Amino acid sequence: MSHIHWFPGHIAKAQRDLKEKLNLVDVVLEVLDARIPHSSAYKNVQNLIGNKSRLILLNKSDLSDPKYNTLWAQKIEQESCAPVIITNLNNQKDINAIIEKIIEISNPIMLELLKKGLLPRAARTMVIGMPNVGKSSTINRLIRKGKTKTGAKAGVTRQQQWVRINNKVELLDTPGIIPTVQDDQKQAAKLACVNSIGENAYDNEFVARELLKLIQEAGYEELLRQYYKLDNEITIENIAQARNWIVKGAQPDVVRTSQFILTDFREGKIGKITLEKPAV
């Protein structure tokens, strides 16, 4: 199998669920993966969220190349007209910055409510993004600062509750999942590399080979050589030989090695790598 496959039924359900949740909120937190900011961004997000206020988180910045984080943040902010925060969710300062920015961008919404004679309330916020970009981690870290769940509101199922972060921000405790629909197989491969596509949709060996190519194309060949101790061609087979992962018939264990390559990259063991560079 050499392609990455999609499941239209799952995608349609995810889109319905997302639209239902978006009707409930004032501010949308869109989470991107800093290693693939372009591929992890939903191209029609503006049509999806309409006139909702939007804050973009360039997440997993601890795994990406620091020299590209700021460049990407500037580019995304310029193109989206939405504020961008570079985030490492293990850093409490980043969590505080998210809350402060939500309050800042929701102030005009609250002023409009006052003008209409309505009582002020907390800004209602939700987190959206493709699978495994850090949506649930963002929610959990924000909730850790929150107080108590405020219970269900109209239109929210029992499984979804609002959490009062402070007196100015409430957060929906379940994320909106943006389905990873990509016609471009190269973008799909990048999403698979960072584990944003279910493993049933692709073959590990195919994605691991693509990942090795992508890392080298992005200019990190030396990191691969250092980590895997290679002085020959960078291939799955040569990495298996270097690790002495051999199967019956003295053949390199391609299955095991492919999984390890993907895991090594996803956990940042090879080094801080950004697979996509912002166009100048």
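Positions of Cβ are set from backbone N, Cα and C atoms, glycine also.
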Taking GLY176, GLY219, GLY249 as the options, which does TrEMBL list with ASN59, LYS60, SER61, ASP62, ASN132, VAL133, GLY134, LYS135, SER136, SER137 at the GTP site?
GLY176
Given a separation of at least six residues and a C-beta threshold under 8 Å, show me what packs close to SER61 (GTP binding site) in the same chain.
ALA34, ASN69, ILE86, THR87, ASN88
Within its own chain, what residues at least 6 apart in sequence put their Cβ under 8 Å from the Cβ of GLY134 (GTP binding site), listed in sequence order?
VAL31, ASP33, LEU57, ASN59, LYS60, THR87, LEU89
On a count of neighbouring CB atoms within 10 A, which of the binding-site residues ASN59, SER136 is highest?
ASN59
What is the average pLDDT across the domain 'G' (125-188)?
77
Under 8 Å by Cβ from GLY176 (GTP binding site), counting only residues of that chain that are 6 or more apart:
ASP17, LEU18, LYS21, LEU22, MET126, VAL127, ILE128, GLY129, LYS135
